[in-house]
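What TrEMBL records for this protein:
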- 11-197: domain 'L-asparaginase N-terminal' (DOMAIN)
- Thr19: active site, O-isoaspartyl threonine intermediate (ACT_SITE)
- Ser68, Thr99, Asp100: substrate binding site (BINDING)
- Thr99: active site (ACT_SITE)
- 227-341: domain 'Asparaginase/glutaminase C-terminal' (DOMAIN)
Amino acid sequence: MTAPFSVDRPVLVLYVGGTMGMVASPRGLAVGGNMNARLHSALATLPPTRQARLPAFVVKETEKPIDSSAATAIDWQRLAHTIAKDLPDYAGVVVLHGTDTLAWTAASLAYQLQGLDRPVIVTGAMLPLEAPDSDALANVELALRFATEPRLQEVAVAFADKLFRGVCACKLHSEAADAFASPNYPLLGERVGNDTVLYPTRGLEAQQRGAPRFELPDYAPLAAGGVARIALWPGIQAWQLAAWLEDNRVQGALLEVWGGGNAPEDPSLLGVLAKATGEGKLLAAISQCSQGSVAIGQYAAGQGLAEAGILSGDGMTPEAAYTKLVHLLAQPIGESERRRRFLTSLVGER
Ligand code: ASN
């Protein structure tokens, strides 16, 4: 990660799985291979002026590309290691990923690859590369163009003509090509006509990139169920929460509470939360609303969460908050440092 940026280097395209590379099978769409040839022949159908604007690229496929619904924290870790190892040889990286958990991977990569000095762009498609009216080609083209943009120094998601901060993106539509959004942060860039436009003042380079400081801890212990995600519902019972939080294997949990940071004022429920934080478990809360933030303690109905030691997740997406808990719990740091870092913006996630 020390080699200086050079536009002379090619872009590394990593296919890890997802619909973009899928082909029909008797059981429905399944992961296909041979992405190098398939991408080159698809890009060759673009008008020559657009082809001329694409950088040279090298395609690599993971040993066993997957449907991203099967991804785990181990896959996030493996991908970050691959990128960290190969990055010095490339101007930037494009990850071709399934859309279902694309935002989770992008958020996790952002924490692992802190201080990036070049672009890592995650993209995918709602339809396979060869399908009629597929969005795949346009997404690859967009990602390749941004992957050689030296002012872009972070993990981003390129999708449907838009470039999002990776740790702020989420999939909001299950069918439309325009499937991704970044509810609490503006676009980092977008396609306007035939041009790709970057808004550099919104990027990490301008805010807090600093020196490369990759953090590549072992996620394996957490991947075995170490962090739970629990959305509250009206009428949730203390015993139900306890079933999750009293298990020794659970080291942290993301709670999805109401509105601006509210939960039932039920002493037994709050008691379960306080017991868990008292045992050193890392518990954080975000809102079930996808836009806006939580400010725990603003309402009386949220005071109990504050008193139980629940960390405020501010305006983080579930993907950003969850992967941050995994990342912090995987590191050999003390509880107070974990809590401090959770409340600090590490890569523009809050
Ligand atoms: N199931 C696919 C995946 O996430 C969905 C897609 O890529 N559009 O791998």
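Here, residue 1 is simply the first one shown, and the rest follow in order.
Keep in mind that glycine also has a Cβ here, set from the backbone N, Cα and C atoms.
The highest number of surrounding Cβ atoms within 10 Å, among the binding-site residues Ser68, Thr99, is found at Thr99. Each residue contributes its Cα atom, and for Ser68 (substrate binding site) and Thr19 (active site, O-isoaspartyl threonine intermediate) those atoms are 9 Å apart.
Between the CA atoms of Thr19 (active site, O-isoaspartyl threonine intermediate) and Asp100 (substrate binding site) there is a gap of 10 Å.
The substrate site is defined by Ser68, Thr99, Asp100, and by the 8 Å test on Cβ atoms against their centroid, the other residues of the chain that qualify are Gly18, Thr19, Asp67, Ser69, His97, Gly98, Thr101, Leu102, Gly124, Lys171. The local packing around Asp100 (substrate binding site), expressed as other Cβ atoms within 10 Å of its Cβ over all shown chains, amounts to 17.
Summarising the substrate site geometry, the residues cited as binding it (Ser68, Thr99, Asp100) extend over a maximum Cα to Cα distance of 7 Å.
Break the domain 'Asparaginase/glutaminase C-terminal' (227-341) down by DSSP state and the numbers are 47 helix, 21 strand, 47 coil.
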